[in-house]
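Written out below as structure tokens is the structure these notes cover.
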Amino acid sequence: MSQKHLKEAFISNLNGTSLLEISLGLSVAPLCLLCRGLLFIFYYLRYGKHLSSRKYSLLLDFLVLVSPLLFSCTVLSPVAFFTPTIIAAFCAGIFSKIYSQRKDETSVPFRQMVKDFQEVYLGPEHIPAITAFRVYVNVLTSVSILAVDFPQYPRRYAKTETYGTGVMDLGVGAFIFANALVCPEVRQKSYVSQPKFSNLGRQFFSVWPLIFLGIGRLLSVKSMEYHEHTSEYGVHWNFFFTLAFVRLAASLLLAVFPKNKSWIVALNLAVLYQLILNTTSLKMFILHGGDGRDTRVGFLNANREGLLSLFGYLAIYMASVQVGLCLQKCRNSVKGWLEAACFLLLTVFVLFVFLHVSHTYADPVSRRMANLSYCIWVVAHCLTFFICFVVTDLTLVFTKLLVKGSSVPCCWNVVKPPNTSTKHTTEASPIGTEGKLSRVCLISAINKNQLLFFLLANVMTGTVNMLIDTIHSKAAFTLCVLHVYMFFNCLIMHILHAKNIVLKFW
């Protein structure tokens, strides 16, 4: 077999892993973020100053926020519980150290501190959990698209052939979900009156880079005979086209239907699509082609997975719009966010019940078709992932209150409650501290140029695959390559962020 066919076989005919293992893997990211925040607070408690060095801040961010992900999806994958357990224990140790060494003259009982904490007001400017969620979806995707070509990346984490739940199957849907959370329809204030189809016009203008990137990827893959998994999207289709067409279709639907009812549109789309799959020959067409021999003759037949899965991805996008609208509601207090997290947790429980019913009576999860079970699974796991980031942020806010003057980049600020005196005070950090920390924060850096980060990761993945025989690499070499690859991508984002450069002109 040629190198191209060997790599194609290496990522084909896979069946995925369990929902529990995926959940354990996802918990690593918010735990890393919690660990980084606690280390910042502990540094301030110990030395009385903020860690403001750009060089050391980038190194700390990479070693704490990114490196554990690389280990957990490669050499530590046989013991999937090991990484989150160790990080959680380390976080508990740091928190205990901070709590015992805090300089608080008034000895307030812990229970009273928790009660007072619920009444604290948070900065309403942005929701850090959304930023962290979107950035980590991008980072995890970038890690996986290269790591999957190495033998140390478990085959059960890669995309499944027909049915199953792989980590990379979730990544595709999560990318759609993350984009919808901050789409124009969500960010647009309800009281702002605009023409009904204004957002659709803006989307037409904003998706052209995706179309351009999709065409560029198609031409480069075909011209260089780069290995590709045909049953993933088809012969000519790719994820850039999927994202562009889903965004356009969603803007059209949101121009026709009320955006606060987008969950109803999502439900109808997913259920109707599943009914068509089960009652017609559409499922057989997607899986085996028009003639049953998978000959890929004709544009629709050649790209049937990419074209027909658009219905499922559109349902995920519309569901995420509803989540985004829910999150944008004014929740300025910790108590409000705790209630929101509980509501989302209840929603997750209901979705997993529906997933069980759908898996049993309709169809198992299939990313290839983006069927009903797949849509429910993606939304449920994305909400779980997001809740973890909300809990992480609230934990860091509580810890910051223990150490007056401490600050954590990309975390909520404590503010004075509206229409009250000085019952609650603002954080004691000097004016501009948060801004300074934000400038050296890797999360903020990637967030400013997310599409560029994803594009750079794709280009680097192709370059590495052309230069290295990945499927016969040893563990030490694999970890070295992955660390250099991710550090290079993060360094570019860090430099652009430090110079305040945003490469977005559409």
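Just so it is clear, glycine is given a Cβ too, placed from its N, Cα and C backbone atoms.
Database features (TrEMBL):
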{"type": "TRANSMEM", "residues": "22-45", "note": "transmembrane segment"}
{"type": "TRANSMEM", "residues": "57-75", "note": "transmembrane segment"}
{"type": "TRANSMEM", "residues": "81-99", "note": "transmembrane segment"}
{"type": "TRANSMEM", "residues": "163-182", "note": "transmembrane segment"}
{"type": "TRANSMEM", "residues": "203-219", "note": "transmembrane segment"}
{"type": "TRANSMEM", "residues": "239-257", "note": "transmembrane segment"}
{"type": "TRANSMEM", "residues": "264-286", "note": "transmembrane segment"}
{"type": "TRANSMEM", "residues": "306-325", "note": "transmembrane segment"}
{"type": "TRANSMEM", "residues": "337-356", "note": "transmembrane segment"}
{"type": "TRANSMEM", "residues": "376-398", "note": "transmembrane segment"}
{"type": "TRANSMEM", "residues": "451-468", "note": "transmembrane segment"}
{"type": "TRANSMEM", "residues": "474-496", "note": "transmembrane segment"}
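With a cut-off of 8 Å between Cβ atoms, the residues of this chain six or more beyond the transmembrane segment (22-45) that come close are 51, 60-61, 64-65, 68-69, 72-73, 80-81, 83-84, 87-88, 90-91, 94-95, 97-98, 101-103, 132, 136, 139-140, 157, 165, 167, 170, 381, 384-385, 388-389, 391-392, 395-396, 399-400, 403, 405-409, 411, 437, 443. For the transmembrane segment (306-325), the partner stretch with the highest count of Cβ pairs under 8 angstroms, out of 57-75, 163-182, 203-219, 264-286, is 163-182. Using a cut-off of 8 Å between Cβ atoms, the transmembrane segment (239-257) and the transmembrane segment (163-182) share at least three residue pairs, counting only pairs 6 or more apart in sequence. Under 8 Å from some Cβ of the transmembrane segment (337-356) lie the Cβ atoms of residues 118, 122, 326-327, 331, 365, 373, 376-377, 379-380, 383-384, 386-387, 390-391, 394, all in the same chain and six or more residues away from its ends.
Non-local neighbours of the transmembrane segment (451-468) in the same chain are 7, 138, 141-142, 145-146, 149, 209, 213, 217, 220, 224, 226-227, 481, 485, 488-489, 492-493, 496, 503-504; each lies 6+ residues outside the stretch with a CB under 8 Å from one of its CB atoms. When Cβ-Cβ distances below 8 Å are used as the criterion, the transmembrane segment (163-182) is approached by residues 14-19, 22, 25, 73, 130, 133-134, 137-138, 140-141, 144, 148, 156-157, 239, 242-243, 246-247, 250, 313, 316-321, 323-324, 327, 364-367, 370, 374-375, 377-379, 381-382, 385 of the same chain, each at least six residues removed from its ends.
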